[in-house]
């Protein structure tokens with residue numbers, strides 16, 4: 001294991017012939033992405049892109065999580081000290097990293113053997129291969145925190161089958177490995193006990209050809225059965241309800257289904273929407289809808305504008321409140337403001353999508369890279 | 001020698017490529033030519049420009065794009081890693097028709113048509129228009145099938161019907177409890193609706209109307225929805241009461257039961273396969289003394305009492321007929337606007353392709369040149385882009401004129417919608433052809449959309465009024481206005497003719513580059529042409545009349561001037577809407593690029609319409625200056641080309657593979673998927 005100094009121990013790098021293995025190493029925090037980790041990862045991805053001896057990259061997590069998300073506690077701490085701009089710097093770097101991963105020229109294999117949430121999805125889902133296991137647990141829980149699915153989620157959630165992405169993004173529903181594979185968040189499913197052998201095989205093949213890598217992973221993978229009460233079995237209802245134009249319409253559609261027939265899954269779906277920040281629901285839905293019509297770059301630029309407005313708190317301070325209630329005080333009883341969907345006007349929502357009115361502020365500028373593979377080109 | 005080296009390198013690469021990809025890795029798989037995305041050099045905010053172009057209901061539009069992208073019913077296909085939706089035109093006519101109905105059901109279930117009949121006010125009308133535009137971007141058949149049901153059938157109920165019809169049919173139409181069609185055109189009569197031969201009489205004993213098709217030329221023809229699906233129709237027919245013909249009236253008639261069986265005394269035949277729009281079931285209908293209850297007459301304009309007396313508040317037969325034609329205006333509005341969206345779509349595809357496809361080097365061993373870097377290619381596409389911008393603003397103006405219509409504005413609406421429907425649909429056909437050719441062989445593939453759209457949209461120059469007839473109506477209306485103003489010696493105050501009250505503008509004998517870019521000059525020269533042609537047209541018609549010709553034959557004989565005048569009126573009206581759109585803006589970067597686009601619109605019109613030279617509005621020297629200026633405008637607009645087409649707001653998935661990575665889309669590996 002190679003590490004250059006104490007700080008960068010949060011990401012361990014292992015050189016295995018032509019492969020590089022990045023290990024997220026902050027297990028006590030479930031590998032939540034600190035600012036240091038984001039910087040380090042970005043630097044690693046960029047340098048490996050240049051290094052002709054590197055053919056592929058594996059990303060995995062230490063302990064029981066792949067990565068539980070971004071370090072929002074630190075960001076809220078910054079906001080509370082009146083320093084939203086350092087939060088903005090964090091997201092700027094994180095989103096840039098998401099973009100680099102999404103347009104990466106060398107294959108990335110992410111081993112999602114545990115919790116994958118928020119920012120953790122940003123490090124993995126944009127990459128070429130995502131391996132789920134029986135231990136995987138995926139969620140985008142941002143609306144419960146007063147945030148919205150960021151890190152380019154408006155790009156990949158909107159491309160899940162039907163309106164499953166809206167469901168996952170708005171409710172924060174948890175998915176297991178089989179569900180991740182079924183909906184396309186994962187490309188393969190491998191039993192965790194086979195992971196060391198898979199890693200060995202990838203290292204031995206030392207190939208940068210996605211076709212070769214794919215066929216190696218396939219040797220270790222199988223198609224798991226969806227659990228009986230999986231949300232993915234409810235895709236029909238999800239499509240019917242979550243395709244509605246507004247959050248209010250989605251509620252109404254769900255309640256109509258629930259009135260027709262008592263159903264625990266529907267009630268818990270309605271419950272999780274009711275617990276979420278109304279403002280978060282509004283901006284998340286619009287973001288996913290716009291994301292479906294945009295490339296990854298535009299999605300990240302839009303999400304960066306949104307996250308800056310969230311931090312600025314001009315329209316709503318739900319992010320600070322959500323983090324207080326869920327992460328800091330842990331009373332799990334956030335007081336959202338505005339507290340109701342109907343008190344949110346279109347103009348309030350529009351604000352989140354506009355440029356930030358601040359002399360020093362700039363839109364997210366994404367690195368330009370030439371000669372991208374078709375896989376990455378298709379995302380632009 | 002260098003050329004030989006180059007060939008050797010290519011050959012070597014071919015030979016090396018025979019090694020299996022697995023051992024070689026990514027490098028050996030690189031094609032000889034790789035796709036490079038168009039360089040993005042937007043000097044303005046694309047989303048603000050899109051807001052100006054689409055004009056209204058952006059959230060609803062995006063929602064509907066989302067709905068179509070996420071359903072298998074819209075035939076998503078993966079090409080080069082991207083998903084594109086488009087109908088499968090390789091399906092049989094019958095399959096295409098069934099798909100159209102399935103798509104309608106899907107959109108209905110998702111709430112798309114909510115409020116289309118029962119919604120009130122301008123907001124509801126604009127929402128409906130926006131959603132129909134999005135639908136037309138996916139497929140013309142789908143838009144027409146929906147348009148016939150809501151705008152023609154539904155519109156007839158709304159405008160010709162009264163409360164009893166509204167209560168019975170509006171909500172039922174909105175929820176597709178029934179499917180409506182609109183039986184106006186006959187085999188023997190199309191544009192001349194007053195000449196239709198279907199006859200309706202009244203039987204006071206049973207209080208029924210009796211509708212009859214007296215001869216083969218009276219069969220209803222091209223009736224969209226009639227061949228397979230429609231359950232009800234509005235029939236247009238002469239109404240004969242007590243031996244007197246009261247002119248054309250409209251009646252509701254059921255033609256199928258709810259199981260789809262054709263009703264007694266109705267005969268229906270299929271119009272068969274067409275050059276496009278095969279997802280619409282156009283049919284022919286014969287009525288064999290079909291009896292319908294008295295309340296089925298759409299009686300907002302005229303009625304028949306139970307004892308068989310004809311009653312109408314409008315005594316004048318011409319005016320009565322005019323009232324009946326009102327719903328056709330909505331058709332002309334939606335046709336004009338959808339034509340602009342198709343021009344946008346084909347330009348977005350062809351311009352994106354021209355920014356990534358290269359052909360020929362102009363230096364030895366130099367890189368091949370991008371298509372859009374050839375001045376000649378710019379001249380083919382960029383003027384059409386400018387016209388499309390201008391006509392997009394005109395379309396937005398027309399929509400507002402339509403939704404805010406008042407009885408005083410009916411004439412303006414009729415004239416403007418006629419001129420714009422003809423001009424915008426002709427422009428679209430020309431643009432489609434040019435874009436098809438500009439994409440070379442790729443333009444011939446159905447999956448690349450443009451070529452197919454030629455067949456799909458050709459009908460636009462014919463339905464809801466033949467374009468040539470409509471343009472003559474414009475000139476006729478202008479002449480009437482002229483005659484009235486002169487006779488009463490009063491100023492012009494309608495149809496945008498107010499400029500005729502001022503002294504004739506003067507055009508400098510030698511134009512400078514700054515003059516031709518000024519909106520003052522641009523407005524002047526368009527007004528000058530219109531004024532001059534109107535004077536000439538009036539003079540020629542009255543000359544023929546003085547020779548003893550009737551007004552009608554004098555008009556027919558003056559058709560050349562009538563055509564020139566119709567164009568002059570429409571171009572001037574379009575320019576005005578452009579200037580108004582510019583004036584609504586504060587953003588300097590948008591204003592700057594739009595002023596280039598406006599100048600291009602005007603100057604290319606001056607360059608292409610021989611009327612300016614023919615009637616001496618431009619000297620030959622000035623015409624040469626204008627022509628040169630078009631070339632330099634092409635190079636000025638060239639850097640904005642990508643951002644200008646991105647501003648059309650058509651999502652990538654509704655364009656086509658050649659608009660993006662066409663190398664990946666056509667790779668061997670993709671051909672095996």
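Yeah, the Cβs are placed from backbone N, Cα and C, and that goes for glycine too.
As annotated by TrEMBL, domain 'Acyl-CoA oxidase/dehydrogenase middle' applies to B:181-290.
The FAD binding site annotation in TrEMBL covers B:185, B:224. According to DSSP, residue B:185 (FAD binding site) sits in a coil region rather than a helix or strand.
According to TrEMBL, the domain 'Acyl-CoA oxidase C-alpha1' annotation covers B:328-479.
The annotation active site, proton acceptor is assigned in TrEMBL to B:464. A coil conformation is recorded for residue B:464 (active site, proton acceptor) in the three-state DSSP classification, outside any helix or strand.
In terms of DSSP helix, strand and coil, the domain 'Acyl-CoA oxidase C-terminal' (B:526-655) has 108 helix, 0 strand, 22 coil. As annotated by TrEMBL, domain 'Acyl-CoA oxidase C-terminal' applies to B:526-655.
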- Taking the Cβ of residue B:464 (active site, proton acceptor) as the centre, count every other Cβ atom within 10 Å, in any protein chain shown. 26
- Give me the non-local Cβ neighbours of residue B:185 (FAD binding site): same chain, 6+ apart in sequence, Cβ-Cβ under 8 Å, ordered along the sequence. B:220, B:221, B:222, B:223
- Item | Under 8 Å by Cβ from residue B:224 (FAD binding site), counting only residues of that chain that are 6 or more apart | B:144, B:145, B:148, B:152, B:181, B:182, B:280, B:281, B:282
